[in-house]
């Protein structure tokens, strides 16, 4: 009888645990948690509080998963290789997501605009573009973000932390991903290829933005002037034209800029840094776009064609100049024809 009673008690406890499996819900993103400790750690991510510290480099993290993944950057542990391209990953889940690059599989679609994604998390982040939700707030300046990773990277602006350094040129970065992308400048690797025109890119996001050239998609519109853009970042940069805001200041000459990347390029005037080197002739440049334009001298590539006269150009600026000159050119009427 005691055994039956004990068994019933165990079943009751199990049932109780099952019913309380997701008893803690995040008020910011509605993610559920079974344990209060997990819930509290998750909440700290929204506030920007960093509970986990790397014993090797001292970098701080809001989430345990971020911390564990970071530790593997020191151990170089990559157990899961891709059979198609040979690239290896620290986690099998990341490998599975990577495979969708090769298959083109996009399982998750936005009901509002139809845009599709390879990962559910990417779809959830995208939805915030439509809702305007920015649940992650910087405790120092009050600026809010759609993604916790963006907040974490933003916090390094205040701390000045740049823990990831390039072994070839010494340039340092706030994010390991930014370092990995930078390395492709030196290696020339362009793993992301456009299926329509064959052009290769160093970053997947650059390929995604490039694809909108073929589709004509411009989903981001300015509420003040109606101008539309292919990228949300381009819209944000455009908005500063209306506000006059120039939040990025050069510490050497005091000049202000609307974009951080413009400030970074400007700083090379003071430092003399030219990190983008042509592998064919050795000429170096301050900006990657300048290197790309230069490379067309070697490849004879002329991707910009005039619709009026058919002439092609290596640079979009040269095409714009050509089109402007044709618009300004006077219309010639044949005097002989007028006699008839």
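Including glycine, each Cβ sits where the backbone N, Cα and C put it.
The region 'Disordered' feature in TrEMBL is assigned to 1-23. Feature annotation from TrEMBL assigns domain 'C2H2-type' to 24-51, 52-79, 80-107, 108-135, 136-163, 164-191, 192-219, 220-247, 248-275, 276-303.
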Beyond the flanks of the domain 'C2H2-type' (108-135) by 6 or more, those residues with Cβ under 8 Å of it: 28-29, 46, 97, 100-101, 144-147, 219-220, 232
Across the domain 'C2H2-type' (52-79), average pLDDT on the 0 to 100 scale: 73
Counts of helix, strand and coil residues, the domain 'C2H2-type' (276-303), according to DSSP: 12 helix, 4 strand, 12 coil
